[in-house]
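Everything on this sheet refers to the single structure shown next.
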Amino acid sequence: MIASDVLVAQNVGFAIIAALMIFGALRVVTTNNVVHAALWLVVVLAGAAAQYILLAAEFVAVTQVMVYIGAVMVLFLFGTMLTRARIGAEKDLNNKNWYIGLPVAGLLLVTILIALKDGFGDEKMPADADLFTVAQVSDLIFGPYLLPFWALSFLLLAAVIGAIVLARRD
Amino acid sequence: MNTVIISTELAYWAQSLLRVLGGLVAVLLPAGTIVYIFLFKMMSFMQSRLGPMEAGPYGSMQLFAEVGKWLQKEDIVPAAAQAEARIFKMAPLIVLASTFLLVVVVPFGPDAWFTDFETGIFYALAVGSVSVLGILIAGWSSANKYSLLGGLRAAGQLIAYELPMVLAVVGVVIQAGTMNLQQIVVAQNAGSIFGWDGVGNPYILTQFVAFLIFMIAVQAELTQTPFDMPIAESELVSGYMTEYSGFRFLIFFIGEFATAGVFAMIASILFLGGWGVPFAWFGWTDINSVDNWMNVAGPLILFTKMLVLVFFIMWIRFSSPRFREDQLQRFAWKILIPISLINIMVTAVFKVAF
């Protein structure tokens, strides 16, 4: 591989953002305040959006910001603050069975690594790869992939209606 | 782009410096103008008084006096909030950062833009919603029941009114066929109404329903009366801002009016043709044939349109009573969202039909 194939700036950016994301993810599970955990999760999600930008997938990046930071995390914080959000440190935030998660996480990591290695091997994305514009993405969604898109929409609609049915008492 | 473009002659660092300075001007200048013209003078006029008159001619230097006053006040963190002092101090910065992120996609002229982002309007709506985060943690970290109530009300309201805002924009995006704000401007000014191109085709004519919904949603996003339940000063003593003093209060204050300016700019880009004049006036056909002087005239045109829209926002703010919490939620979910969905359907049908 010749040096000009490597996108130095992008790789340095990736490493910095990835390190921030890992640190944020660790703080999510180690911090002793629910709201702090939620805010560290915002850091992780914003990092994911930044990584998408590095991959030139700006539509996905903006969607990530809108859905996860603008909606999911706000609802999450909203919910916690309505019910329980004490100021300062809290005890008993850790589930005492937390170590069961470790093998599951390890298994997931191994699965993803095998899948990536199996699927792509040593294949590299060319530095001058064609970028997908938003119009192309929408042409794909509303063209060849219309049926899966409909199925997904239907699933989400069913989930929304189910949530309302479960939440309403009358 | 037919003659000299400033951005091709400068080094990258100089361009970036210019863009940062331009961003500061684009946020602070509208905020200052709005506060002086509307908050000081127009409100006073509507209430039959003079407003500030001492500092400078007609009180025009009052802004600088106010900023100086706030900057020298003590930066207080309430004793109960000491445990969360860092988050308490961070919250106003998140709100202001969201405003600066918003202005990044606003085009001011054919070449006068910060970034030519392909998903421009979608990006603007996404980063606009980040300010909710700042407001929520401001309310929470103040360690004060009224602040928390204000923060929660603000979050509920901003989530509710973001939906009609997004859905109203979809109509414009369908009609323009692009999410890029620059191309939306060009599509309006290069357009024609049944062959007559005297005024271009501003989308306020075809998307008037969307325009109304967008402006109502902006009013609610800015928590201006009649949607000022979250900061209701008579019952919540300014809600999430209660505990802030000194320059952190100033940041909230600048954030509020700068966001009003930026949202008004985005509304004028979406519905009033943005920086452009109808291209037919000067025989331009597309963005490449626009004369270079538009880079100077464009920002002024956009600024004028922004002031007109902010005038309406402030007019309603100074002259209407407050919605009750349940009324404003019902208004968003049961009236605005269904109407904007119908608007999307009708627009899509017309887009396919013509």
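Every residue number used here counts from 1 along the chain in the order it is shown.
Placement of Cβ uses the backbone N, Cα and C atoms for every residue, glycine included.
Annotated features in TrEMBL:
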| type | residues | note |
| --- | --- | --- |
| TRANSMEM | B:20-40 | transmembrane segment |
| TRANSMEM | B:90-109 | transmembrane segment |
| TRANSMEM | B:121-140 | transmembrane segment |
| TRANSMEM | B:161-182 | transmembrane segment |
| TRANSMEM | B:202-220 | transmembrane segment |
| TRANSMEM | B:249-276 | transmembrane segment |
| TRANSMEM | B:296-319 | transmembrane segment |
| TRANSMEM | B:331-353 | transmembrane segment |
Recorded stretch that, among B:20-40, B:202-220, B:249-276, B:296-319, has the most CB pairs under 8 Å to the transmembrane segment (B:331-353): B:202-220
Range from B:20-40, B:90-109, B:121-140, B:161-182, B:296-319 with the greatest count of C-beta pairs under 8 A to the transmembrane segment (B:202-220): B:161-182
Contact ranking winner - B:90-109, B:121-140, B:249-276, B:296-319 against the transmembrane segment (B:20-40), Cβ under 8 Å: B:249-276
Folded-back contacts onto the transmembrane segment (B:249-276), same chain, C-beta under 8 angstroms, at least six residues removed: 26-28, 30-31, 33-35, 39, 67, 70-71, 92-93, 95-96, 98-99, 102-103, 106-110, 112, 121, 124, 128, 131, 138, 169, 172, 181, 184-186, 188-189, 200, 202-204, 207, 210-211, 214-215, 218, 221-224, 241, 290, 294, 298-299, 301-302, 305-310, 313
